[in-house]
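Shown next, in structure tokens, is the structure this report addresses.
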Amino acid sequence: MLVLIKHPLIEIKLTEMRAAETSHKVFRSNLDEIASLMVYEVMRNYQTKPKKVITPIGVETIGKSFDREVVIIPILRAGLGMMQGILAMVPEARVGHIGIYRDEKTFQPIDYFFKIPDVPKDSYIMVVDPMLATGVSANDAINKLVNLGFSNIKLICLVGVQKGIDLIQKNHPNVDIYLASQDEKLNENNYIIPGLGDAGDRIFGTKAK
């Protein structure tokens, strides 16, 4: 299932991120805030269980907690830009990391790091990456998780295009995809159009715009 999360705050912050003159400081801050706004919708159907607490005046009451582990898995490196925004909403979440970069000539994924928490296979897994372009990196990351036995996986991206969406939906029809914007297309270098440039470079300020 594809879910487009529409909200004026998200749309305004995304517009600022698209602008070439936006500093990496503002870009990073906006991405962090959009991730917080998106995860509210992503977690809407997560199940809870009763949790007993004692209030400051000594009264016992029953509230709620998630019924299983929540795990955030950013695809390095750009996915790190969404991690803190989600952790702000779910501070108890575990964090894993999957390192994948795209070969600039073949556009194929190159794996270089994989480490995730030791959690039950029915845990709530959120794979995060700002860009869903060809979908190859996200597909590779999801493949690794599925091969380990995880099934409750959601993919959260800021912007994406149909090509990447189609690849994930074809290979992983049970993985829900959440986007803030579905953009028009990819250019000859597989950059999203209109997009927002290279998300990793703009998050970390590693290349002049």
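Just so it is clear, glycine is given a Cβ too, placed from its N, Cα and C backbone atoms.
It should be emphasised that the depicted structure is a prediction, and the values quoted were computed from it without experimental measurement.
Together with Arg77, Asp129, Pro130, Met131, Leu132, Ala133, Thr134, Gly135, Val136, Ser137, Asp198, Swiss-Prot lists one candidate of Arg44, Arg94, Arg102 for binding 5-phospho-alpha-D-ribose 1-diphosphate, that being Arg102. For Arg77 (5-phospho-alpha-D-ribose 1-diphosphate binding site), the same-chain residues that are 6 or more apart in sequence and have a Cβ closer than 8 Å to its Cβ are Gly99, Gly200, Ile203, Phe204. Cβ-based neighbour count (10 Å, all protein chains) for Ala199 (uracil binding site) stands at 24. Per Cα geometry, Met131 is the residue among the binding-site residues Asp129, Met131, Gly135, Ser137 nearest to Asp198 (uracil binding site).
Cα to Cα, Met131 (5-phospho-alpha-D-ribose 1-diphosphate binding site) and Gly197 (uracil binding site) are separated by 10 Å.
Checking Cα-Cα distances from Ala199 (uracil binding site) against the binding-site residues (Asp129, Ala133, Ser137) with a 10 Å cut-off leaves Asp129, in sequence order.
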